[in-house]
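Novice: Please find one structure pasted underneath; my questions will follow.
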């Protein structure tokens, strides 16, 4: 029998288990506690930090604690969304790790009764010069494309960053968004004693056993031995499961639905019973098994994919079975909901484990972390480049700025025919069939900023996500997050985690955007490297009328280019990192009051229908944002930028709370009025014209290129980096 230490439990945790059970646990029970009390399932390091996040609001139907968050968008419609990580599995088996990450997050959405309509992925990899990184990159992208394309859910947005700190630990965060009717939402709460517990979907095998525990430890040289802990997905089975579950959920007698993800039956059964303050009894002999001779330990801990747990009134069992039979899926009653508060596991009628449900879900000892502030070395002495045009082209072609088109072209981003604004803009926009409304979705986080200052970096991540939505004409209505950090046992990492959560909370609270779901992924480090603190923000926004939809592409010859939020800085940025190799300094400052008013100006102008295009300023600064809008619109721009700081930082600095919009000349007075009403400065910096990309600084021309030249650099560089 494995010891508690072999399973990742501490001596203190084992003593707590004995106290809760009033006896020593047997092997099956010990395995159940090991997965449920793993960091991945229990959040034992972060529970107390996450309590400070703003999770309520007038639109919030369901916050954290369910399969996904739910936000009301009116007309009896809700958005259901969540983000999760699949970092450790993707580091070991990138194709299946990423693919099953997609499968798991999609199940969280339709478990709530919502039809999945969009996927997003936020990815981080190491230096592309490494053969290992190229292997991981190729496998992850292929896994996402394979699974997402096969299930018919479009991958519409996301982000990819490269940095050496992610070489051993790629970050694979996936987000799914669904739409449902408000009165058809289902919850994972078993509140009816005597109800049948049905396992539906695929058969159970030995794949993924202890996957949750594996995801809660540092990677090492021995991690490759844990490839069996990586689940294997079948997207065609998932597609059948989506349709069957959405049909079954409409039955009155289906009371609760729970995805089987991390920790398999152990997690699904204990959580669905615990939320309803009930007990649950199952017999593993009734679980459809695809492998012979599986032990109770293996069955109850298996993380085989494409499985769901349904709580059903007994008289509706046959109706549910008929639906799943029609979709060629297994459906089997494996147990009942009880009043005793216990999770009883039997095998052929004999009890093999019996544990209080809340002991598994709520009684894990919280880990008290030690905190130590990392000392920032201050601003660097940045040289000034001689040739700003060459510098611009080098920056535009760099891994973190060049287009991701070669990646998103592999994803079917149009399936479902809802995608209105395609990948490549600030955010994706999807129509809602049968409604005049639309939704915008995005993911954002600059890990470099968070490394330099986790508090300010996390605030910036929230603010930039909101700016991206506003640029499409959307009002931000909800956040999901994925907190990716190294080992919290390191006081400096614990400090980063604490400050990042505080920064997220402040920005979300100030901008009045509730955080309704999320995920924590810790221990993303190896002996050689720790990842940057990477609190990824997923955000959804509501566009009240499809006539308000805006994108980043320049459109009309002669339109004025207007900068909203006229400020510049000489802070650390992608320019200082890429061009000069400086990976330290002070992050760009952000004033949340200014940020809020800049967003209000842009959104009001879009709703007044005077804006032809809108674009957020982020990595690469003003020059890169202008280039992106020119490339997207296939039309040139002539700009003259005026500022009292160095020319390179005028072009490439990343001061926050700035956006560029294009308008017709006759609409400038109205835009000025909107800006004045919000006490925000604006400045006409140029006009849309011809096929040239020309930028002057204080009257001196510093960039003069053809649109075709910058398009070639922008669109082809990533593929060159991958293939060289």
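Even glycines carry a Cβ here, placed using N, Cα and C.
Quick paste of what Swiss-Prot says about this protein:
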ACT_SITE  40  active site
BINDING   43, 82, 481, 518  ATP binding site
BINDING   84, 519  Mg(2+) 1 binding site
BINDING   85, 86, 87, 88, 107, 231, 303, 304, 305, 521  substrate binding site
ACT_SITE  86  active site, proton acceptor
BINDING   108, 259  Mg(2+) 2 binding site
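What's the neighbourhood like for each of these?
Specialist: Neighbours of residue 40 (active site), defined as other CB atoms within 10 A of its CB across all chains, total 26.
Around residue 518 (ATP binding site), taking its Cβ as the centre, 26 other Cβ atoms fall within 10 Å, counting all chains. For the recorded site, residue 518 (ATP binding site), the DSSP three-state label reads strand.
Applying an 8 A CB threshold to same-chain residues 6+ apart, the list for residue 519 (Mg(2+) 1 binding site) reads 82, 83, 84, 85, 173, 481, 482, 483.
Its Cβ taken as reference, residue 85 (substrate binding site) is surrounded by 26 other Cβ atoms within 10 Å in the chains shown.
Under 8 Å, Cβ to Cβ, and six or more positions away along its own chain, residue 86 (active site, proton acceptor) finds 97, 98, 100, 101, 104, 172, 173, 174. Under the three-state DSSP scheme, residue 86 (active site, proton acceptor) falls in the coil class.
Taking the Cβ of residue 108 (Mg(2+) 2 binding site) as centre and 10 Å as the limit, one finds 26 other Cβ atoms among all the protein chains shown. According to DSSP, residue 108 (Mg(2+) 2 binding site) sits within a helical segment.
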Novice: If you measure residue 43 (ATP binding site) to residue 305 (substrate binding site) at Cα, how many Å is it?
Specialist: 23
Novice: Using DSSP, would you call residue 305 (substrate binding site) helix, strand or coil?
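Specialist: Once the DSSP labels are grouped into three classes, residue 305 (substrate binding site) ends up as coil.
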Novice: Which value in Å gives the longest Cα to Cα span across the ATP site residues 43, 82, 481, 518 as recorded?
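Specialist: Largest Cα to Cα distance for the ATP-binding set is 17 Å.
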Novice: Tell me the Cβ neighbour count for residue 259 (Mg(2+) 2 binding site), meaning other Cβ atoms within 10 Å of its Cβ, over all protein chains shown.
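Specialist: Result for residue 259 (Mg(2+) 2 binding site): 28 neighbouring Cβ atoms inside 10 Å.
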Novice: Other than 43, 82, 481, 518 themselves, what residues in this chain have Cβ atoms within 8 Å of the centroid of the ATP site's Cβ atoms?
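Specialist: Residues close to the ATP site, other than 43, 82, 481, 518: 50, 64, 83, 84, 480, 482, 483, 515, 517, 519, 520.
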Novice: Please determine which of the binding-site residues listed here (84, 303, 481) has the lowest count of neighbouring CB atoms within 10 Å.
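Specialist: Each of the binding-site residues 84, 303, 481 was scored; lowest Cβ tally within 10 Å is 84.
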Novice: Neighbour count, 10 Å Cβ-Cβ cut-off, for residue 87 (substrate binding site): what number do you get?
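Specialist: The answer is 26.
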Novice: Would you count the other C-beta atoms found within 10 angstroms of the C-beta of residue 82 (ATP binding site) for me?
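Specialist: Residue 82 (ATP binding site) is surrounded by 27 other Cβ atoms within 10 Å.
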